[in-house]
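S.K.: The structure that follows is given in the form of structure tokens.
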Amino acid sequence: RGTEREMGLKAVVVTVLLAAALSYYVYNPMPDAIQEPWKLMAVDAAFRTGINLAALKYHLGIDHYITSFRRTMQGFDSTMVALLGSRSPAGVVPGVKVSDITFAGVPVRVYEPPAGGEGHLRRGLLYLHGGGWAFGSGKMGAYDKVGRMISDELNTVVVSVDYRLFPEVLFPEPFLDCAAAAKHFLSPEVLDKYAIDPERVAVSGDSAGGNLAAAIAQEVAADDSVPVKFSVQALIYPVLQALDFNTPSYVQNRNMAILPRQVMVQFWLQYLGADISLQPQLIANNHSALQHSVLTPELRSRLDWTSLLSQKFKKSYKPVVAERDSHGLLKKIPGLLDVRSSPLLAGPEVLAKCPRAYILTCEFDVLRDDGLMYARRLKDAGVSVTSDYYEDGFHGCLSFTSWPLDFDVGKRALRNYMTWLQNNL
């Protein structure tokens, strides 16, 4: 009996230790404004676990960490779809026609609204998914759900682009894929085929997709060979520059769930084909050191948060400006200065041609200030802008609107985004 008691006691101790270790791993302090913090911690822990396992496989020579994590995400997505029963033959929205085809050789998923209202032209929306230019697909659960909802509720033909990703391709290939698909979509023949009003076509995207959407909006606006232009751009927590990783939001949210600063910097280095070992240099802003003559005062002013942000967001943060760059980072990573990768660097003459904008930002997101600065610069260039800011929002919240990974802020953000499109497109 004594032995049984000892074994039982050991089992209890082991259980307690395992529970403590799990709690330590999962626990990531959240700001007070975050609702259901433990749910967000669990989501973040799941992401970190997937990434860590993928990294382990990579170091063992089993698989590339990106492709390995993609499979994990796809498996999770399939499980959620099966759990929710959200993908029947008719889809979550009965009557929406879904077609997987190509536009100018680029894979796209087209959502056509239910039959009805013949003789009336419909809205059109080109959507570019997020995922750090390395993950994601317009066919995945959250994006598929939103595509069907917009198509049905707003009588819109939605085209979700599956542009190529890292490591298969590097910048500027994802941009070029999106540009090709966009120009094909905007051609009079295609708009006529889908009965789309050429004066009611939008481009939209979230995170890295928001980056691509902003860049595509600029590209199309400046291209005289494209007769039909986007009438609106809707950017959801977009990433818009890579010269300053010490904006107030980058510093404040450097360890935030879902997208900490080091992960965003890694996404940039991967996208631009640079060595990941340069991550500490970029975090220290050495790549935008004062010694770089190409970074003229006028160019620096385009992302000077000390003048572009209100005091509410500047708070007491100070700019981080390095004196010298001993690694020649701008020569090693020329894409850092390319407006196709960093739309915030575009000149005022380019911004003035852009369509009116909706820009969604979240307080607890490293990318908050990118969006706020772009909104300010577009307004200064004479563009009408709706800035939709969420004090309790976090990066990626729009993708968490279905049980069991649903957050109230995500549901509110999704509804407001769709309402804006309804009223402005």
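Positions of Cβ are set from backbone N, Cα and C atoms, glycine also.
Since this is a predicted model, take the numbers as computed values, not measurements.
Okay, these came from TrEMBL:
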type: ACT_SITE; residues: Ser207; note: active site
type: ACT_SITE; residues: Asp365; note: active site
type: ACT_SITE; residues: His395; note: active site
type: DOMAIN; residues: 125-281; note: domain 'Alpha/beta hydrolase fold-3'
type: DOMAIN; residues: 338-398; note: domain 'Alpha/beta hydrolase fold-3'
type: TRANSMEM; residues: 7-27; note: transmembrane segment
S.K.: Based on DSSP, tally up the residues of the domain 'Alpha/beta hydrolase fold-3' (338-398) by helix, strand and coil.
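M.R.: Looking at the domain 'Alpha/beta hydrolase fold-3' (338-398) with DSSP, the answer is 22 helix, 19 strand, 20 coil.
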S.K.: Between the Cα atoms of Ser207 (active site) and Asp365 (active site), what distance do you get, rounded to the nearest Å?
M.R.: 10
S.K.: Under 8 Å between C-beta atoms and at least six apart in sequence, can you list the same-chain neighbours of His395 (active site), or say none if there are none?
M.R.: Ser207, Tyr237, Met256, Ile258, Leu259, Cys362, Phe364, Asp365, Val366, Leu367
